[in-house]
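Heads up: the structure comes next, in structure tokens.
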């Protein structure tokens, strides 16, 4: 940006700087005739992002002005691209008349487009919510409290809640996946956001609690916020006030479609942290795509708003038994006789009613939006008829909330043409007969074609010039065109209007008089259409609340109808949810895996209860341990949404959280190793799980040395079983841990089976009681394509190591010989006792001490850091011979 005094700039550039100073961090589209121009740093940024030409427009203040421009008729495409990149755009339109302006044409900010406040259909992803999130921070009693508020501008859904701690902050950010985040300039957890784009920093005063409180009660026309249940959430209120003002500023509207605020309570839902969302691949797979996810399998909704609601339900499973059972009853009723099929066609007519109503409220709805609104309203009575004999209470409630609107539906049917234009300014919106004044004005424009044809015929006859044509263009208006060859034959009353390469264009007094009349009629008809259109929007806004109620009910019906269709198509059954404790599943399946594999999926059972709350899972790699664990979590999650589940039967006690620690990778940006990520996730589980939590842990301790990893895994299992007493599936390759089932009252071993056939491993994927007897590591390596020479060498080394460590090759079991120093032999007396603090593990001697001092001394003298593997093997043989 130029630093020269304002007086050194041209009047137009001074006008530009005045507008730009109001929005220094956003790209300013400055309308100049048929183009939007960007200057200085904005031009450079837009050139880089949009791959458009960067040029210069003269000088201002003695400095060349970098400039980039785009045609105004293509602006929406460019703005959409910028918004998808996380940029915000300010559009300045010409509001003055260039013909009468003495200085630069007057310009004003017409709209502000930011990633989180868009409502235009062209900018939105159909099946993804577009959330604007606001965060405020407070310190209370040594805790970091983060106030969340978020708004879906395209639907008017406005929510708030609070969490404490950076881990919860990160988890909620992943759940909501906002397009834009508002924070104060002094926000202390900026690094946790992990975003480069889509963050808007505001002055700290925007998050002032008192002004935010006033902002909210003014919006909802209430005396206070006690009716919303958020009076004590001061951080959340501060964030919500800042968000609401920001949304009003960008939309230049009072936001009439935002009529309430919903408070989210932690105890209402099953909490799922960020690691669990990743591992369960709810809507994003582990590689960042959307294929082979739970949503891809489940989402066969008929409306986009149903698809978005389904995703919300999956990300926020509920704990209210009454609500869960109400949903189940609807699914069961719709599943009977496949009655869900009858709803598919009328629901498809509804379309994205939710977002259409948002644009109606913001006065940005386009003519085709109103046509789709008409189709949606015409479907309502049909859906009411299908629900008339519903027996479940929830379906009866939904039927009452789906309100037919016969008056406005008839108005829309009479008003709109069958194929309205995409924008109001083009005209041609209203059907003939809707408005008498408009019909008269349109008749003048329509008659122009007949008039021009008749004039062309008569002038040809009068002048004898066969090449004469009568036409119209937007720049020069109406004209008579004669080829250059015959232009000298033009009558004297023809007035030359334009010279072309091969022709001359003329005007006559008669044609000029008609032009004035026709153009005036066109201008008046467009003005009348705009007037009628605004009146129609006003009429719709008078019943906006009722229309939103209908929209919400239709979205719920769509999701529940989808659940019924999926239950029938995928052989899902209704689970029993209760508060008695325990999780029992018969014939459970993984809903995503079974949809992508060609062979039949092998179902498995689960039995967790107070006396058997922890399962130690062993078995070969690729044997199905992770799939088994994930399917249990997904079945549990689905059950808490009211959806039927992939199992023969399921009885599930309501859980408060679902945790997973399954696989890790380096967090390079955060400077954390794989093991550090693993331990952070483990710590989160151990610190936050309760007796009613479901915990899935896979390969804890594998990222460090064997003894360190084994010790950590051992201690974690002990803590989960004795202190937390939650429901745990713990998969491991540390076979020493299987001895814990003999020592912990509430632990048991299960394993995934495999067998060898003609030197090849066959995975049976079936869960059986007891620990695994073999790991099949070399066979899996061979399947992976490891060279035969390497496999052969590994087998040789395995035999040497088995001799050293005392593993029996004949039986191929992991049991150690009687005289070996195994963990199992030294931990039979392991006991856990309750202390005053509730948990104190008794010290266990996991690693046997040498029985002879000489052997101990020999071990201590070994310089392990400087020994080769062969030297180490040789030393071990020598030591073994001394036993």
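Quick reminder: no glycine exception, Cβ is built from N, Cα and C everywhere.
Bear in mind that the values here come from a model prediction, so they are computed numbers and not experimental data.
The feature ATP binding site is assigned by Swiss-Prot to 619, 620, 621, 622, 623, 624, 625, 626. The DSSP secondary structure for residue 620 (ATP binding site) is coil. Annotation for residue 620 (ATP binding site): spatial neighbours 752, 754, 761, 763, 772, 774, 775, 776, 777, 779, 780, criterion Cβ-Cβ under 8 Å with sequence separation of six or more.
Listed in sequence order, 752, 753, 754, 763, 765, 776 are the same-chain residues at least 6 apart in sequence whose CB falls under 8 Å from the CB of residue 623 (ATP binding site). In sequence order, 775, 776, 777, 780 are the residues near residue 621 (ATP binding site), counting only same-chain partners six or more apart with C-beta under 8 A. Listed in sequence order, the residues of the same chain lying 6 or more apart from residue 625 (ATP binding site) and placing their CB within less than 8 Å of its CB are 617, 618, 619, 698, 731, 752. Cβ neighbour counts within 10 Å, taken over all protein chains shown, single out 619 as the most crowded of the binding-site residues 619, 624.
Counting other Cβ atoms within 10 Å of each Cβ, the binding-site residues 622, 626 show the lowest value at 622.
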